[in-house]
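Read through the structure below, which is laid out as structure tokens, and then see the notes.
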Amino acid sequence: MTLYTERQSGSRLRDFFESHAHVLSIAVFLIACCALFTSINDVFLSPGNLLNLLRQAAPTLIVAVAMTFVITTGGIDLSVGSIIALVNASAALLLRAGWDWPVVSVLMLMLGAVIGLFQGYFVAYQRIPAFIVTLAGLSAIRGIALVLTGGFSILIPPGLFLSIGRGTLFGIPSPALMGLAVALIGFIVLNFTVYGRHVCAVGANAEAARRVGIPARRVVASVYVWSGVAAALAALVVAARLGSGSSNAAVGTELDVIAAVVLGGTSLMGGRGTIVGTVMGALTISVISNGLILSKIDAFYTQIVTGAIILIAIWVNTRIFDQVGSVRRKS
Amino acid sequence: MRVRGIRKSFGSIEALRGVDLDLWPGECLGLVGDNAAGKSTFTKILAGTYLPDAGTIELDGKEIAYSGPAEARGYGVEMVYQDLSLCDTIDVAGNLYLGREISKGPFLDKAAMQRGAHEMLRKLEIRIPNTALKVAQLSGGQRQSIAIARSAAFDPNVLILDEPTSALAVAEVEAVLALINRLKAKGVAVVLITHRLQDLFRVCDRIAVMYEGTKVAERAIAETNLEDIVRLIVGEGHR
């Protein structure tokens, strides 16, 4: 006799582990890094160092949240480091010329938005690969910053502006609060809004999104606006912390940011993004560079070690994910 | 729906060379033809995915011209694409509501969408154990069922099915055919593209045959048979 039985649905706990494998593994990795550096030098866990670490991580974190949106649509924004440099330099020039800092801040955020819109237009409406458009931006935008400053560092006159980067609220550095606020907004928007759903849909299958009536091109263009605004905000934080503006600010930041996002488990193929992972990715990168300094490793080695750790972490992450998740992708 | 003189070229290839077609409410039209006969191109024009180079589309006697698939959806023209057009990384409920999410202000109402998805699938007699699963985790047949459910659930006027049964199991094919009959009874005009000719004779009222970008024949189901249709498809009928 043949018995017809229904398949049992698996354990919920196991489902949870499988669908969050990426984020869980970066969390474990972050904790492991913290434990390792604490065992080498117990200054690492001191409140002073941790707050300093948060302050340093903030600009990367702010940009990485917006970059998560960009990468979730299947794009990339290589120009964020250059946008930081341009906004950083322009803000310093305007403040030195005696402009009010609130006006300057708003203008700078708008500058970031305009640059993002310009690049987003070419990516979304002219169908030029994001890699090319933003690579051009990476070169040209820093070039503008160099022209504006003549290559010199520009001192910002002391004032309330500097508290954006140096102030504290309830003992927590204001950049860290800003970073966490941006991350919280990003988390809510990506996971709980219609816009966030459309960002995922465009990244997973742009043609399908267009066919069901999602304004796919507008969504793609918009994420570059967010990354431009986020880069401008990060630039203000950097300028206020250092008290100067320079066209040489944030060289290579785009790589830290992209590493943070990918380390956190957002798929470079698009369609799957996680803000929680990005936060932990950004913290991991800061922990590594901070910990290596405390471990008294020669600064020249830091870059090599950081690069190696990122590759290993993502490799391990991919292996674990492939074994546990084995998510099929459409070719 | 009345379609006249549709032409479409891709580069030097003339995909459609002037196709006329009429669709009546409550009727199923089978669209058959050899590979590359222009079936998919033609239906994509009806669904607004491609814009025709020439020709007119009338709905209820009024000429309409849409600028994209969103507008076609607004007129109640829904299509199940051959490639299914699903988003792998989004869950079942999210895919069913893709492009018309239930929302409270800017926020997704996920609970309502899960409930709605259950209801939708139950009505169409589609068995998916968990509507919170990602579409990537489902089988080919389940994915196809979801694509069909998405287009059938929102009261379309015209429903276009491009190879809807290619990956379906026996019971599921039966369910799709039953679904087509139910939609017909509700007054929906259905266009069915399929290579399973035996299915055509079970649900269609008329069969249109396409050959090299033109419509070569149209037969009422009562006055034709399987051999006749096969002959028309391969092109012996008019030689």
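Backbone N, Cα and C atoms are what each Cβ position is placed from, and that goes for glycine too.
For reference, TrEMBL has these:
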{"type": "TRANSMEM", "residues": "A:21-41", "note": "transmembrane segment"}
{"type": "TRANSMEM", "residues": "A:53-71", "note": "transmembrane segment"}
{"type": "TRANSMEM", "residues": "A:78-97", "note": "transmembrane segment"}
{"type": "TRANSMEM", "residues": "A:103-124", "note": "transmembrane segment"}
{"type": "TRANSMEM", "residues": "A:131-156", "note": "transmembrane segment"}
{"type": "TRANSMEM", "residues": "A:176-195", "note": "transmembrane segment"}
{"type": "TRANSMEM", "residues": "A:219-243", "note": "transmembrane segment"}
{"type": "TRANSMEM", "residues": "A:249-268", "note": "transmembrane segment"}
{"type": "TRANSMEM", "residues": "A:275-294", "note": "transmembrane segment"}
{"type": "TRANSMEM", "residues": "A:300-321", "note": "transmembrane segment"}
Exercise. Are there at least 3 C-beta pairs under 8 angstroms linking the transmembrane segment (A:103-124) and the transmembrane segment (A:249-268), leaving out pairs fewer than 6 apart in sequence?
Worked result: no
Exercise. Do the transmembrane segment (A:176-195) and the transmembrane segment (A:219-243) come together with 3 or more C-beta pairs under 8 Å, pairs six or more apart in sequence?
Worked result: yes
For this session: Return yes if the transmembrane segment (A:219-243) and the transmembrane segment (A:78-97) have at least 3 CB pairs under 8 Å (sequence gap of 6 or more), otherwise no.
Result: yes
Exercise. Are the transmembrane segment (A:131-156) and the transmembrane segment (A:275-294) close, by which I mean at least 3 Cβ pairs under 8 Å that are 6+ residues apart in sequence?
Worked result: no
For this session: Sort out for me which stretch, of A:78-97, A:275-294, A:300-321, has the most Cβ pairs below 8 angstroms to the transmembrane segment (A:53-71).
Result: A:275-294
Exercise. For the transmembrane segment (A:275-294) and the transmembrane segment (A:78-97), does the number of C-beta pairs under 8 Å, pairs 6 or more apart in sequence, reach 3 or more?
Worked result: no
